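Notes follow the structure.
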């Protein structure tokens, strides 16, 4: 990196940084002198040796304002250079910035440019790395100029010669060696860096580029073109970065005595020969310090050792050259010098790295100082240690307000010391800073008073590591406390993910007024009540507080004073204080305000008022109906004392869910201030009543239901029945296993439900265990099941970490934790429990790494403009299936977005939301309830067209403030935090289940969700008689078509209420047009296998189904029944042979009517020659059911796979066109599937044998439909259905993992931001007339700009009588040529013939987040992410400029980030005092009058 001498890099006023290869001139220009000796300091005086690696003359004095010999001391001699020792009198800090250099005896190749992949030097010289290595390390000669001897011997430039060959030519043509070196007839061959230097210097890059482009256009060989393209990229990079005429004269700096010598200009741009170094820069000594240890020894930086080796070898080589040593010795010394310089620049690349003497570890070279977590970028530039900070253990501060924290006095006095000292001096309490410090050290009482004043209104920042999202750092108003621990408000724990079991937190003091202002306005905890990731409240009461509120608002029948009538709320509280009425008593209160309640109050009158008081009953009912009376409990009256007026009276049992909804409602209706006040009040109430209720649990509170024994007996009976069937041979082993697991899963859930009900009824619902559970304070139904029901089935953990479904051990644990486990049961359950704990620690690292990659890819996405003006948007539909399965509701998808088109109610054609309007929470809720709105088109980040960053309209509202996002908001970072933070949460959640298997009762019956009329779409079914378990024959409708749909429609409006996909082989229970009621069974299907069903009558005929070859007959030892399973037959046959097992249905005459391929592992259900009726099962293909739910271990790798856009391990083959399927010929290892459309277009796919083919002969498929099973690759979706489809697919798939596996809510817009970044690049196909290269990966905006640049240009085909400057084949502006043609026509000359310039073509590329982060336009950002040396090498060669637009680059160079209040437009704001100006104007006017 070159800074021109005139502008010191330390001044902050630069706006971009250019990277280039340092030329020898620039290295010398930065250097203050040559380092000649390897010595560092004198062993006796410990002062730096002159001309050594620490020399004061070169690098500056080691003491402030003092020269080496001591002649000049004090600041008054500033700038004088001592005449005795030559040291300039200045501050010692210059030793951090002044550089030196070493002049090498022979040129040395820079290892970065030679060892990078592809090798930059290799690409320019067209030599392989192996050959280059032999030249550089002095093994072979390379011909630089063949001259006459070369021509005679047939030797060309760049040929490699061995020593014998070289000496043979030299001796043969002795007189040739007397010629001048630059004589073209002289034969020149060299080795080492010198040879490479001469070769690079002699290159003509323009000529090479022309030839390579020719190869690209004309060559037929793919390999040649690929090689040419690789070389062309490097050649073009050099050509673009170097224009030799650009010489900038350097401004005088006043630093050099020889300032005005003419050599002091710097070449801007790179010459190829700069990759070979003649001068090595020496970095400032303070950056490679010598630190004295006790005992007179020194610890040194590895760099000093590496420099020492270079200097020693260089000096030795100079001596050897002077004494004319033999060539062999010189060559050895030169090679050693090359190796020493290699080690200095990059020691880790070498196989034989230089090691230290004692510990035998490789020395840390300059490259290692930049790389990795401990390197310069990540250790010192992105994460610095901070002054004015402290850390301590946290304890709970229940009496704090939401915006406060308790700060120990001893910490506060340290942190605020400068402020306190200033106050003490200002007030005259202390005379000087020194005496003020003494006062503070003495802990004088006056100090505490001053500290109180200083702290008032000065916020501090609290941070808890790991800071996973922006709520991990919040501002608080400190209050001074005794003790040594920081007190934290209990409601902010969720945001920090803190608990009080020994967590520590750091305190930081914002110093400047701007920082204090930002802290108190933007970061104050009472302003951060909403999670940016989902828009839901984060300051939600938990544990004790919830329990207290629940206890307070719970009603108990028959409590003291039940059914009394009160005149006002105050009266109720007086009565309660007088103990006339119980806390849980249900009472009547006069109230006519707004009420939010669930139950029907009129019905309660009958239970609360005795029958004999009929008149009173009637009067109460009439009052309630007129909304003048309220039926509530005493506790709810107390709770509602703290409710803001606007919300009204909350007449509900308050549990965590209700509390959360309430806080969300408050925050949007009454604002943060009121909400914070309310939160503090309910915190007090919650803790208070949790204490008063005295709620604690004992063993007797866990009640085991008596029916448990009965259920277990039933289950044992059912599983015995299944085993009996298996023994009879009607079930396969796989089916037996699946059914047994199902039985126990159902039983386990049944027992759990009953134990839950039992707890609910115990003590009128006041069982402490049940209250803790029901209020949401602690525990889950899952835990109750294990405590009082049965532990149930346990997963068998897998060896692999890839998160495959763990198999379930089919013997359940029948005991629960209250009864205690048997030894065997305990042993079985240990395994899962331990795995949970070890998984946790392993996965946290993965989640952290995912977060880092997300941040890196999205860090420069900032809202830059208000509206990009795009007309495109995302299409969102209401999907009832997803909503019922607990996925995101339609409302959540459209909330906070801007409508791209009008949203219309189809039933009455009314516009609900106009295009360009924000869909607020109210509008979204109205749309959710209005079934007339089926779909909406919303603006999205995915379709945003702004060139840099994104626009506010496409992003929508900022979730944490419910307003349109502001310009300057760093939405990329927020997106990365929102996705990464739950990732780390998820991984930590596995072990709470204790390894108990969950989920996975596969639903066999599908029931109607609404009542309505059945409509069958593409459902073909046949009647088929089956024998049920009880031995009765029944006729069923069996579906024989794939992908049929069953819709339930509203008979009045004809609207589709719900769609179901009817699986192949399902038993259909309803008919077309039939009316169904809610919960009626529509169809049932077998979940554990895919069935192959006969569609027509005939006889079964086996084709290629041979015993021992394509199928094996397994006789079950227990049952004696034979089961036929298709096996992988490839190993059984010779290479040329092939088989394709299939079952055909033939007519009586033997004509084949339909064939069904049977995949490997399927079980046959028919015999050869058996009579078939439609609906018969031919074979079943077992499915692997993913039975272990809940554990995101499967989820995190899945998320990573999607974000990295990896191709799945066994991807589905996808049809590229719409058409009909037919099967082609069968080869040994694959069969061919053809898809042909009506236009005669045909695509052929080869499927590996044994892969299950989903399509059958004659099926109609759409482009993008999978033809075989397996996951669909996102790359295929992009290729076939385009970028929009793949974006939607990625967002939906990632959303599914978070939603289903973990129940975490993340707003779509965050995922969209990341997915947008993954599709920012395009690959150039044909460059046309632009200066792009084919195969280049560039930003979409760069591509559009390149095309716009040639849009107004034309190419000259025939120059006619044009002036000489017009060259055929070149591009010119259209208007210039038109002007010339006008003149030519006027003069009667022949005109210039032109054609429009060709634009480039490209296709979008989907990059994973790692590669997207490395491909970023900013060099600094990419270098600080991964592969630092590679990024810097490429940047230097191409002369890249970093414009510092992202956040990361600016942090690294120490500037304000260009987001939020750091936006460039805010830097030049001038404030005006309007009142003062008006006053002045009035004064001026009155003066004039006078």
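Note that Cβ sites are derived from N, Cα and C of the backbone, with glycine treated the same way.
Here is what Swiss-Prot says about this protein:
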type	residues	note
BINDING	67, 69, 82, 85	Zn(2+) 1 binding site
BINDING	499, 501, 503	Mg(2+) binding site
BINDING	868, 944, 951, 954	Zn(2+) 2 binding site
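One way to see the shell of the Mg(2+) site is to take the Cβ centroid of 499, 501, 503; the remaining same-chain residues with a Cβ within 8 Å of it are 394, 498, 500, 502. Distance noted between the C-alpha atoms of residue 67 (Zn(2+) 1 binding site) and residue 501 (Mg(2+) binding site) is 57 Å.
Put plainly, the binding-site residues 499, 501, 503 were compared by Cβ crowding within 10 Å, and the winner is 503. If you take the Cα of residue 85 (Zn(2+) 1 binding site) and the Cα of residue 868 (Zn(2+) 2 binding site), they are about 65 angstrom apart, rounded to a whole number. Taking every protein chain shown into account, 82, 85, 868, 944, 954 are the binding-site residues, and of these the Cβ with the most other Cβ atoms within 10 Å belongs to 954. Secondary structure from DSSP puts residue 954 (Zn(2+) 2 binding site) in a helix. Listed binding-site residues: 67, 69, 951. The one with the lowest count of other Cβ atoms within 10 Å of its Cβ is 69. Comparing CA positions across the binding-site residues 82, 868, 954, the one lying closest to residue 501 (Mg(2+) binding site) turns out to be 954. What surrounds the Zn(2+) 2 site, by Cβ distance within 8 Å of the Cβ centroid and not counting 868, 944, 951, 954, is the set 865, 867, 870, 939, 941, 943, 945, 946, 950, 952, 953, 955 from the same chain. Of 499, 503, 868, 944, 951, all annotated as binding-site residues, the residue with the shortest Cα distance to residue 82 (Zn(2+) 1 binding site) is 503. The two recorded residues residue 868 (Zn(2+) 2 binding site) and residue 499 (Mg(2+) binding site) have their Cα atoms spaced 45 Å from each other.
Residue 503 (Mg(2+) binding site) sits 40 Å from residue 951 (Zn(2+) 2 binding site), taking the CA atoms of both as reference points.
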